[in-house]
Amino acid sequence: MKDKLHQLKDTALTEIEQANSKQELNQVKVKYLGKKGPITEILRGMGSLSKEERPLIGKLANEIREEIAKLINEKEETIAQKALEERLKQETIDVTLPGKKVLKGNRHPLTRVIEEIEDIFIGMGFEIAEGPEVESDYYNFEALNLPKEHPARDMQDSFYITEEVLMRTHTSPVQIRTMKSKNGIGPVKIICPGKVYRRDDDDATHSHQFTQIEGLVVDEHITMSDLKGVLLNFAKKMYGEKAKIRLRPSFFPFTEPSAEVDVSCMMCGGEGCRVCKNTGWIEILGAGMVHPRVLEMSGFDPERYTGFAFGMGVERIAMLKYGIEDIRHFYTNDLRFLEQFKRM
Ligand code: 2NL
């Protein structure tokens, strides 16, 4: 009996030793310490032993049982400790690893210039109006005092979709639509930014699609001096307080009188340089007093209301501002170009 117990202890110890997981150890625990285990069996069969042997064997069996239990507990702790170490090793964060680079985008240079111009005019109480890029002949030409025979309406110069429908050649139709929506009651004070289309062979300074911002003010008692005041303030906000403007006589079918507007050269301050071709002035706008026929066609009484309007090409302004030499850079989306406008 004694030998059997010692043998039992030895095999139990080996099995505890070999158990490498919680589950394996649990099997050993059930096998040796469970109700149906060999020790319980030996204790149960003690009836057949002599009176002298009984307490000795009982004591030994309990000692062995306790030792096995103790070793199992110790092994349990070792396994738990190992598992914890393994987990910590897997969860280790290497704080010396370089961070993941987040690619940051930036606004397109044209968008930036549009927003800058919008902000200046919003500061003067203007509202922003937008409208369709596909327009009817009426809104694009007829309502702007450009009758059917007018050379500007040549099929060769515009993208026609049908005889009556075309890609807008300026943002003026948005202004016509806004005026019409007012039912002849002023004021109107808007700027209209947007894409416009003209049939043109693309080169460094021409594009068949470009961006225009037009402005329109209609109210009682609006005069040419209002036009000059608004545009001078725009030039100062855009190019600095020292900026000056000058108006030269011009012609547009939709304004009378009409003017080309120059701003003092932002490169040399008017001294004369390569950019202004030594004139000290740079042309940035066309403008004029809204033609009475245009007011009338859009529902405003030209006896009561007057107005001024202006238009500018955004690409040209952006090219002057950033020193861009080819208009095609705006549309080819070369990242080497676009990335130069980060945090500028
Ligand atoms: C330019 C010149 C101009 C206008 C646009 C306009 C619009 C209405 C009535 C009258 Cl609804 N005029 N627009 C007036 C003068 C000039 O643009 O050089 N654009 C790039």
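Cβ coordinates come from backbone N, Cα and C, glycine included.
Taking the Cβ of GLU256 (Mg(2+) binding site) as reference, residues of its chain lying under 8 Å away and at least six apart in sequence are, in sequence order, GLY288, MET289, HIS291, PRO292. Classification of GLU256 (Mg(2+) binding site) by DSSP places it within a strand. Sequence annotations record features per position, and here TrEMBL assigns Mg(2+) binding site to GLU256.
Taken from TrEMBL, the feature domain 'Aminoacyl-transfer RNA synthetases class-II family profile' applies to 111-320.
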Whole-number mean of pLDDT values that fall within the domain 'Aminoacyl-transfer RNA synthetases class-II family profile' (111-320): 95
